[in-house]
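Down below is the structure, laid out as structure tokens.
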Amino acid sequence: MEKFLRDNFDVQSKRPSEETLRRWRSSVSVVKNPRRRFRMVADLAKRAEAEKKRKKLQEKIRVALYVQKAALQFIDAAAIAASNNNNQSRVEYKLPDDVKLAGFGIDPNDLGSMVRSHDKKGLASRGGVEGLSRLVSVSLMNGIVSSDVPLRQNIYGTNQYAEKPARSFWMFVWEALHDLTLIILMVCAVISVGVGIATEGWPDGMYDGVGIILCILLVVMVTAVSDYKQSLQFKVLDKEKKNIMVQVTREGCRQKVSVYNLVVGDIVHLSIGDLVPADGVLISGHSLSIDESSLSGESEPVDVHKDRPFLLSGTKVQDGSGKMMVTSVGMRTEWGRLMVTLSETGDEETPLQVKLNGVATIIGKIGLAFAMMTFLVLLGRYLLTKANNDQLTEWSMDDALQLLNFFAIAVTIIVVAVPEGLPLAVTLSLAFAMKKLMNDRALVRHLSACETMGSASCICTDKTGTLTTNHMVVNKVWICGETKLIKGGVADTNKVVKSIVSEHVFDMLLHAIFQNTGSEVVKGKDGKTNILGTPTETAILEFGMLLGGDFKVHRREYDIVKVEPFNSVKKKMSVLVTLPERKGFRAFCKGASEIILTMCDKVLGSDGKNISLSDQERKKIMNVIDHFASEALRTLCLAYKDVGKAISKGSNIPEDGYTLICIVGIKDPVRPGVREAVKTCLAAGIKVRMVTGDNINTAKAIARECGILTDGGLAIEGLDFRDKSSRELEEIIPKLQVMARSLPLDKHKLVTQLRSEFKEVVAVTGDGTNDAPALAEADIGLAMGIAGTEVAKESADVIIMDDNFTTIVNVAKWGRSVYINIQKFVQFQLTVNVVALMINFMSACISGDAPLTTVQLLWVNLIMDTLGALALATEPPHDGLMKRPPIGRSTNFITKVMWRNIIGQSIYQIIVLAILQFKGKSMLKLHGSDATDTVNTFIFNTFVFCQVFNEINSRDMEKLNVFRGIFDSWVFLGVLVSTIGFQILMVELLGTFAGTVPLSWELWGLSILIGAVSLIIAPILKCIPVGGREGNESSGQQHDGYEPLPRGPNMA
């Protein structure tokens, strides 16, 4: 079985090839209801068609962008010629009445067309960006008024894209009715009603057929309700995935709003890694570079400035920052049209769904063979009986009814044997897990990530914000040769610093802080001062304000000429400003201490004079940096350079010759619970590695505090790592625990090595735009929800909403839970399958009749399929899951442990039911006309209770205590109570339809007792040793999820 599954149903969790997807689809057979089975599977034909549409639209956009300049010049020339020939021939622009009444001066279509076509002449003719803002009634300084949002949405539209309408509940009912076997059974039931009434009269003749129809309707309704609830959960999660928060200015205050609430006229603030949320025009910005590849297919970034101010929705900010005014939203943008084609691609199947399709195919083929054999045996015995009685040529309606009954039983065996709900149980489990993870602050973007996280053997995590709180404050400062501890309020901080520096140095420090920043100090709605920006920038600005500085006052003193924003490659930020009275230019620079120090050749003295930086002085400063870092402080250097009058506005900001002003040490405490979370990972066989851009001493101090860096572990800098040869990497990577001063390419290289050379299943965290390649390369990409850019989130599989490492561990626990829950369900379902097939076939061969009727088999199918999936696939995780090793890549899905439990329980149930079938009357001392009906009802009741107790057994495949946490799983208890309640109803009240008779209290008690014996059988089976690890992992670090971790001091 495993070889068949591996050859035909093995797909990658990320970016599976087209050939692989087609191979498993062609290998699937014995499908009762393709519409339901493949509902969560991508339609490859539709996907290919959508891809063609997308490329065609991208080409159209690209061509439009290329020709727009020439076209506009032609239109402009034609307009001038027409004006010269006849000024009266101009058509006066007519504004629609609804737009005019709303107080706006431009039509939505004209506004959208102008930006889409990059119509610079049209923008100029309307007075530029300022004139356009007047036409849409907005202040470029204060933004729109919140109360105008409904009016703007009414005139200019909402920022939502057209989506396929949600399917109603009745669509799921209709889908469930497409099951081929159920359709055949309905036809049989209708014929049975007709023949029954003809032979037995009304109403006795219609009970069997109506019973089947009612049972089919019950199966259909339960299935539809389960599928409908799943679809609602996925719809909510899908909306949450697309809900991006955008920084806007409204009523003079900076605030975050949902991308869905964005309207024309909104003033949006953009920075590196942001997605442009709507079409718009640039108001102001610095070095703004836009990646339009998602829209036009062009890989070259486009510079956006005042001469080319147009921004298109769906593009990404690659560099710089800016402020834009929204001009078009939703379906009035090119991105809106493109999103419609993307929404048609369908859902991506997960590896576990594909594998279970393979399992369902194998079981289905076996079930089909057994059904055919059962029908042939029943038919053969019936014909033989008629031949022995010389009645082979005599046929009546009773004979037809009997043959129809044989056929219905054979079809029902197929219904039971083909586990149609097996792949859908994965969807159910994933939907449940995703909903719970959402409550636990983790948003799963790709279904397969939930599964893969259960196999994670390594987590490469950032430091800042993930292991630490990301609430930064300046704790120490070195300036003019002295180190000072920063504590207290404005007066104390001001006094401490001013006591050691001159007024000139103090002013230079304030200018270095307030001029060279990507953050802003704004007033909130509550009137309080807020700092908007990264935690590091916020900490430095707060320090500047503690020194008595004023953000707006200092910003007004100089004009900013050029900005080079911080990024993870350069690890610095620079700004070029003009000095007052045009006395030249000054560059300010700040960033990673070692990098800035190499750019400096002077240091600022306490008297304000520049002092040459000797080797000895440089060494002293490095010692200060190392001392700060050893105290787990993040260190940054601030520096400046006067560059004279000769520099032109377009020149690059200098890279050397700076004067060092100060070193700041920023404290970022470790998050509570991180040490325990790392300990949990190590106990679960998951190795944690820290990959950070920080100083190596800071990284080591934090790593030791978190429990990541151990005595035998290796800490290395990114520069050293990238210079290592392949052989050296093979030696150091197993010991590598900390990588400091790393570039995004170093992280990508580490992930690639771990996956390709060491066969690890790697989870990687990231927050910056440059982390996107590593997030995409990893088995599971984890983006930070607070600190992460939209580009990083788009490349990730899971978004950690609270940026907390503990949440990552929780995702791993749920990933393991999904995998184990599906294994529990498969074990339970296969046991029911084996017993139902064997008992019906054996009975048909020996007695010529089936002990379970069509209605009873349909009820059993409901118990083991939809209700079984609900009960077992939605079990919450427990702490024991994180005391097992990760699940290996090539581990057999149906393990030896599962086969042991399935075979053991099946043998017990088959023996018990076979004895009852052939010796039941004498053993139970049943006599009279209803003895056969009573024993058959007793067999049915016993069979059901065997499944009820085996469902409890399946809660844990290894541990003896299967009742642990049962009261925490309300879904499981609900399914159990419902199953028992409806079983009582079927036996005691619905016997006419179900083919049962009421049982005595003694027989009820005996049925429950026989079923409960499986609770004793289970621990006996669990004491039988089975083979150890399965699969063909060569690394020796991944397991089937059951083998205990090595213990003892030597294995710590």
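Including glycine, each Cβ sits where the backbone N, Cα and C put it.
Under the heading domain 'Cation-transporting P-type ATPase N-terminal', TrEMBL lists 123-197. Sequence annotations record features per position, and here TrEMBL assigns region 'Disordered' to 1031-1052. Look at TrEMBL and you will find 180-199, 205-225, 362-384, 404-433, 897-919, 931-949, 970-991, 1003-1021 tagged as transmembrane segment.
Long-range contacts of the transmembrane segment (931-949) within the same chain, counting only residues at least 6 positions beyond its ends with a Cβ under 8 Å from a Cβ of the stretch, are 828, 831-832, 835-836, 839, 851-852, 856, 859-860, 863-864, 909, 912-913, 916-917, 920-921, 924, 976, 979-980, 983, 987, 991, 995-997, 999, 1003-1004, 1006-1008, 1010-1012, 1014-1015. Computed over the domain 'Cation-transporting P-type ATPase N-terminal' (123-197), the whole-number mean pLDDT of the model equals 83. For the domain 'Cation-transporting P-type ATPase N-terminal' (123-197), the DSSP counts in helix, strand and coil order read 48 helix, 3 strand, 24 coil. Here the transmembrane segment (970-991) has long-range neighbours at 211, 859, 863, 867-868, 870-872, 874-875, 937, 940-941, 944-945, 948, 951-952, 955, 997-999, meaning same-chain residues at least 6 beyond its ends whose C-beta is under 8 angstroms from one of its own.
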